[in-house]
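Worksheet: the structure to be examined is printed underneath.
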Amino acid sequence: MASHIVGYPRMGPKRELKFALESFWDGKSSAEDLEKVATDLRASIWKQMATTGIKYIPSNTFSYYDQVLDTTAMLGAVPDRYSWTGGEINLSTYFSMARGNATVPAMEMTKWFDTNYHFIVPELGPNTKFSYSSHKAINEYKEAKALGIDTVPVLVGPVSYLLLSKPAKGVEKSFSLLSLLSSILPVYKEVIAELKAAGASWIQFDEPTLVKDLDSHQLAAFSSAYTELESALSGLNVLVETYFADVPAESYKTLTSLSSVTAYGFDLERGTKTLDLVRSGFPAGKYLFAGVVDGRNIWADDLAASLITLQSLEAVVGKDKLVVSTSCSLMHTAVDLVNETKLDEEIKSWLAFAAQKVVEVNALAKALAGQKDEAYFAANAAAQSSRRSSPRVTNAEVQKAATALKGSDHRRATNVSARLDAQQKKLNLPILPTTTIGSFPQTVELRRVRREYKAKKISEEEYTNAIKEEISKVVKIQEELDIDVLVHGEPERNDMVEYFGEQLSGFAFTANGWVQSYGSRCVKPPIIYGDVSRPNPMTVFWSKTAQSMTARPMKGMLTGPVTILNWSFVRNDQPRFETCYQIALAIKKEVEDLEAGGIQVIQIDEAALREGLPLRKAEHAFYLDWAVHSFRITNCGVQDTTQIHTHMCYSNFNDIIQSIINMDADVITIENSRSDEKLLSVFREGVVYGAGIGPGVYDIHSPRIPSMEEIADRVNKMLAVLDTNILWVNPDCGLKTRKYTEVKPALANMVEAAKLIRKQLASTK
């Protein structure tokens, strides 16, 4: 009876790690205090799995920030700018790499595959020196062992580590990162030797890049890496874990012929084609870790269906070689359903968070071993059936409206340059207009007001007055800074998706369904369980209120349909695009109400458009087609003089630039500063972009305040590739996580930089 969990959430059921980290960063608690919270969390996770009956329990999946950064620390691959002098990497160096410090910026952060998690990208080059510099994996293994729990230490595999890295600044872009394989493997060998000496019998290498489109050179790296590690690994059982998609046939062949590997982990939830590969041939005597329980969603597993899949696999790989597992780490789902006391009981019966998924994995393993818990399986079957037949899930009117969309392309009537001319006549903006992305700092006081209103401790009138006061303050600040296009600061919003979901039908919300996004930052995705519609206007009152406080244009702020979809836990009983079209129709009504209310600039954020991109190129076109179409549906009905903005963050846009153009927004603002202006290279390569564009001029994810000169320098770099009349000047993203003491001087420098360059442009004319 064998069960396995790929990984587990780190933040704790009530975000204990988040609060401990932030307290430590603010200097309010010591490293020992932080370590104590971490130790207690790890112990409780291991004990919970052991008590449930899980056989293969992971260790080293905990992290203070990110598992790839932990690997960078293990390898001693610290970029020079952090002035690290060797020895064991301490928290100060570690957090400087993650978050930057007073003198140097952080390392780049980017999407972990197609999830909402972000990892810290290693910066490597021919001169990077590697040395074993963080003993975290061995320390955590020993820590669990001291509790009487024998774990499977998890390492980011050497090949995926290199494939997820980037050439450091000053290194040729064409530098082959895989050429460093022979330099990092000696460190891996040291780690393996220590784990073996400490008594580990299994080791797990996460090699998720195996699900991507790899060329023969990249596949050969897997063969050479694991051949090179073979003698170090002898005597250990080795699991290579993949997740998030099918493993392509060629990669499957490479992987299953690695002689040093004992076991293969596959995501059978998103990787249904992998099932066919396994059925048509699996190496004799090897273990299959079958990822049947979805690690990326919150729906209870259909246990009966999973059991049938597992039984069919048992016939292929043998009873004693099949291990029941999760499709990927459970860090991409919420922690524990037990903490949801306010959730509707019927909906709750359809769900399983990480703690419940551990129980599901174990129940499936027991059932396979002939110890099926009949009552547990029966309750699961009843919940599955209630979800299928619930009238709350289906709304015939919405279904009909979404079906009717199929025939049209939903484009605005005039082209973008004509629209921009019409808008400029009405808005009369200077060249290089300045704006911000939407949110302003969310102070402790503001959060208190929202919390008290939610708990009915203050009246609606008191709440409305408090929010109006905050909006008025934000408007004044922007006017004093002389920003051209204003925002209301979003003081009434807890989150850019949750705020809308709470006002749309078909959504449910959790109290503690937090999921880590990066570092200590967590998000609480809504649950889309049924057809989506918009009963009432959602933002019109606040946008009109804000516009009435200023003569300058005030942006209406909406979250786009693709982002609402990609940042929610989405129903799995219909295709994602159908749900997306339903959301698009709801947002379309809101856009039209804002326009009717006198709002002339409406921003529809599609921060997450890029991250929904499937991992394989063959599937890109279909996704981009419906995603971009959904965006156009929201605003195809507005007048030429209404300016539609969109915003995108953390992305590598170069491969989807045509789709971005196809969105046909009037102005797009894009996160740019932390990815080293990779974005601008697209325009250097001759892509013609005729709409307004505002690549972020400074990084809001870091507390540092950029100087006026630094921002002016960035703007000038942009002007080298973009037309003066289409360039906007703005920060990377919303400002809600920053403090006013950081925001005011940064924005003042930004406006000053824009004015300086306007002057210079005027004098050269």
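Glycine is no exception: its Cβ is also placed from the backbone N, Cα and C atoms.
According to TrEMBL, the domain 'Cobalamin-independent methionine synthase MetE N-terminal' annotation covers 3-316.
Listed in sequence order, the residues of the same chain lying 6 or more apart from Trp567 (5-methyltetrahydropteroyltri-L-glutamate binding site) and placing their CB within less than 8 Å of its CB are Asn116, Met496, Val497, Val523, Pro525, Ala608. According to TrEMBL, the feature 5-methyltetrahydropteroyltri-L-glutamate binding site maps to Lys18, Asn116, Arg521, Cys522, Trp567.
Confidence across the domain 'Cobalamin-independent methionine synthase MetE C-terminal/archaeal' (432-755), taken as the mean pLDDT and rounded to a whole number, stands at 93. Per TrEMBL, the feature domain 'Cobalamin-independent methionine synthase MetE C-terminal/archaeal' maps to 432-755.
Under the heading L-methionine binding site, TrEMBL lists Ile437, Gly438, Ser439, Glu490, Asp605.
For Cys733 (Zn(2+) binding site), other Cβ atoms within 10 Å of its Cβ number 27. Feature annotation from TrEMBL assigns Zn(2+) binding site to His647, Cys649, Glu671, Cys733.
His701 (active site, proton donor) counts 22 other C-beta atoms within 10 Å of its own C-beta, drawing on all protein chains shown. Per TrEMBL, active site, proton donor is recorded for His701.
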Quick one: Cα separation, Glu490 (L-methionine binding site) versus Cys522 (5-methyltetrahydropteroyltri-L-glutamate binding site), in Å?
19
List nothing but the one residue from Lys18, Arg521, His647 whose Cβ has the fewest other Cβ atoms within 10 Å; the candidates are the binding-site residues.
Arg521
Tell me, in order along the sequence, which recorded positions from Ile437, Ser439, Cys522, His701 have their CA within 10 Å of Cys733 (Zn(2+) binding site).
Ile437, Ser439, His701
Distance, Ser439 (L-methionine binding site) to Cys649 (Zn(2+) binding site) (CA atoms, angstrom):
14
Distance between Ile437 (L-methionine binding site) and Glu671 (Zn(2+) binding site) at the Cα atoms, whole Å?
10
Cβ within 8 Å of the L-methionine site's Cβ centroid: which residues qualify beyond Ile437, Gly438, Ser439, Glu490, Asp605?
Thr436, Val487, Met496, Met557, Gln603, His647, Cys733, Gly734, Lys736
Among the recorded positions Lys18, Glu671, His701, whose Cα is within 10 A of the Cα of Asp605 (L-methionine binding site)?
none
Using a 10 Å radius around each Cβ and all protein chains in view, which of these binding-site residues has the most neighbours: Asn116, Ser439?
Ser439
Residue pair Gly438 (L-methionine binding site), Glu671 (Zn(2+) binding site) - Cα distance, angstrom, rounded:
13
Out of Ser439, Arg521, Cys522, His701, which of these recorded positions is nearest His647 (Zn(2+) binding site) by C-alpha distance?
Ser439
